[in-house]
């Protein structure tokens, strides 16, 4: 699938689910460890630099960030997990909002999980995968920073990840290689996003933000 002609814009950021946009239409949530390249991946897929904040401090993104494709379709940047050094009360509110979002958000169509290809399947990655399996939420894993490995090593990592995901027994789990630096894997990613968001497939010569 070619990159669809969508224009992605920032919508809002929340700490509590009650402040989220109306639970209508469809959403895809991006999740991952704080240094897995999540924000960079969103910017690459949107073809808009700086759309999602890229911080040099892992865990700086503490809120759930919503981006609008159109009135009925959204991308959601979930807080990165793993390194966040924030006050306890804020951290508790953050975790509660994240859990509530995954549990109750009716418009959620799938989770796009970003994992560093060199350090995949951390403990928190496993928690997210198990949560999706338990809730029957579609999951697509993007092994980021694939440019850091040789092609052979990257393909082996993908095969190992595919085998590991198969162990969860979900037909809606998939995996790919991705590199924001090389912009590789974008069409494969949009194939998944387009299916989940029910994007039209015609007239797809333009790129997002064009």
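Including glycine, each Cβ sits where the backbone N, Cα and C put it.
When pLDDT values are averaged over the domain 'EngB-type G' (24-199), the model yields 88. If you look up Swiss-Prot, you'll see 24-199 marked as domain 'EngB-type G', on the strength of sequence analysis.
Annotated GTP binding site per Swiss-Prot: 32-39, 59-63, 77-80, 144-147, 178-180, in sequence order. Spatially close to residue 32 (GTP binding site) yet at least six residues away along the chain are 38, 80, 81, 113, 114, 115, 125, 144, judged by Cβ distances under 8 angstroms.
Positions annotated as Mg(2+) binding site by Swiss-Prot: 39, 61. Classification of residue 39 (Mg(2+) binding site) by DSSP places it within a helix.
For the pair formed by residue 63 (GTP binding site) and residue 39 (Mg(2+) binding site), distance between Cα atoms is given as 13 Å, rounded to the nearest Å.
In this structure, of the binding-site residues 38, 145, the smallest number of CB atoms within 10 A of the CB marks 145.
For residue 79 (GTP binding site), the count of additional Cβ atoms within 10 Å of its Cβ stands at 23 [all protein chains shown].
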